[in-house]
Amino acid sequence: MRRLEGSMVAIVTPMKDGAVDLRALRELTEWQLAEGTDGIVPCGTTGEGVTLTPAERADVIRTVIETVRGRALVIAGAGSNATHEAIESVKLAKSLGADAALVVTPYYNKPTQEGLFRHYQAIWEATRFPVVAYNVPSRTSVDLLPETVARLAKAGAIAGIKEATANMDRQVQLVEKVGKDAIAYLSGDDFTVLPYIACGGHGVISVIANVAPRAMKELVVAARSGDLAGALAKQAAMAELNRMMFVETNPGPVKAAVALLGRAGGELRLPLAPVSEASLAKVREAMVRFGLKLA
């Protein structure tokens with residue numbers, strides 16, 4: 001298995017007139033590779049994976065894999081709050097040639113820690129495919145605790161975790177209980193890339209990399225190489241742009257930002273609605289101040 005590390009983008013899913021725009025997706029993927037991105041993560045939260053049909057998810061993952069052609073990692077979004085559906089999604093990612101699957105903790109039904117353990121264990125037993133568990137309690141209302149991550153790692157059921165709690169004590173606990181390099185530790189929070197890596201993280205699955213991929217890659221390289229001053233300066237420079245990517249619910253602002261770059265339309269799928277004019281103005285202003293060239 002390839003090492004799951006570096007600067008990865010939670011890539012948006014371009015849409016046009018209600019349909020997935022695969023041509024624009026290919027162009028976005030090629031641009032990401034040209035900018036130095038280490039991994040493409042389609043069909044995640046930012047990629048609106050939960051509102052894509054099964055056929056659309058297959059088309060998106062296949063398009064990314066065929067475009068990448070082994071030049072970067074592909075970690076395919078494959079989560080569900082039904083274990084049997086998650087298993088089928090991971091099998092799809094495996095059959096299409098992804099390097100790993102990103103599997104969010106089951107949302108809405110709020111399983112216990114034992115339920116979470118059995119969920120990921122069942123996926124592993126049914127697929128024998130590398131899974132990155134995705135812990136984002138703010139969206140799922142369930143928290144995958146370090147003790148459960150340690151159980152899963154010991155059982156070989158997960159290859160990594162995307163941790164989106166923005167809690168550095170949590171990351172310290174993970175390294176302590178699981179082991180520094182036992183699994184891949186990936187930040188799911190662009191605001192904390194530097195401290196996360198300093199606490200043993202291996203990289204990030206990033207939202208802002210959709211509009212500033214080279215800047216995120218440079219931040220990750222600086223942080224992983226121990227260039228604290230350089231990494232801190234890069235993290236600080238991104239702060240306002242990071243905030244504006246969440247001025248409304250993700251992926252609304254980042255899709256609007258991608259559209260402002262002229263790289264794809266900003267269309268969203270319901271129940272997500274376009275960002276307000278006031279929010280769009282804030283996004284545009286932050287992009288200009290960061291030095292991005294708008295279309």
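Yeah, the Cβs are placed from backbone N, Cα and C, and that goes for glycine too.
Per Swiss-Prot, active site, proton donor/acceptor is recorded for Tyr134, and the stated evidence type is sequence analysis. Sequence-distant neighbours of Tyr134 (active site, proton donor/acceptor) (same chain, 6+ apart, CB under 8 A from its CB) are Gly44, Gly79, Leu102, Val103, Val104, Thr105, Ile161, Lys162, Ala164, Gly188.
If you look up Swiss-Prot, you'll see Lys162 marked as active site, schiff-base intermediate with substrate, on the strength of sequence analysis. Neighbours of Lys162 (active site, schiff-base intermediate with substrate), defined as other CB atoms within 10 A of its CB across all chains, total 27.
Taken from Swiss-Prot, the feature pyruvate binding site covers Thr46, Ile205, and the record attributes it to sequence analysis. Its Cβ taken as reference, Ile205 (pyruvate binding site) is surrounded by 30 other Cβ atoms within 10 Å in the chains shown.
In sequence order, Ala10, Gly77, Val104, Val136, Arg139, Asn250, Pro251 are the residues of the chain that are 6 or more apart from Thr45 (site 'Part of a proton relay during catalysis') and have a CB within less than 8 Å of its CB. According to Swiss-Prot, the feature site 'Part of a proton relay during catalysis' maps to Thr45 (among others).
In the three-state DSSP scheme, Tyr108 (site 'Part of a proton relay during catalysis') is classed as coil. As annotated by Swiss-Prot, site 'Part of a proton relay during catalysis' applies to Tyr108 (among others).
Here the recorded positions are Thr46, Tyr108; the one with the fewest Cβ atoms within 10 Å of its Cβ is Tyr108. Note: the Cα of Ile205 (pyruvate binding site) and the Cα of Tyr108 (site 'Part of a proton relay during catalysis') are spaced 23 Å from each other.
Each residue contributes its Cα atom, and for Thr46 (pyruvate binding site) and Tyr108 (site 'Part of a proton relay during catalysis') these two points are 19 Å apart.
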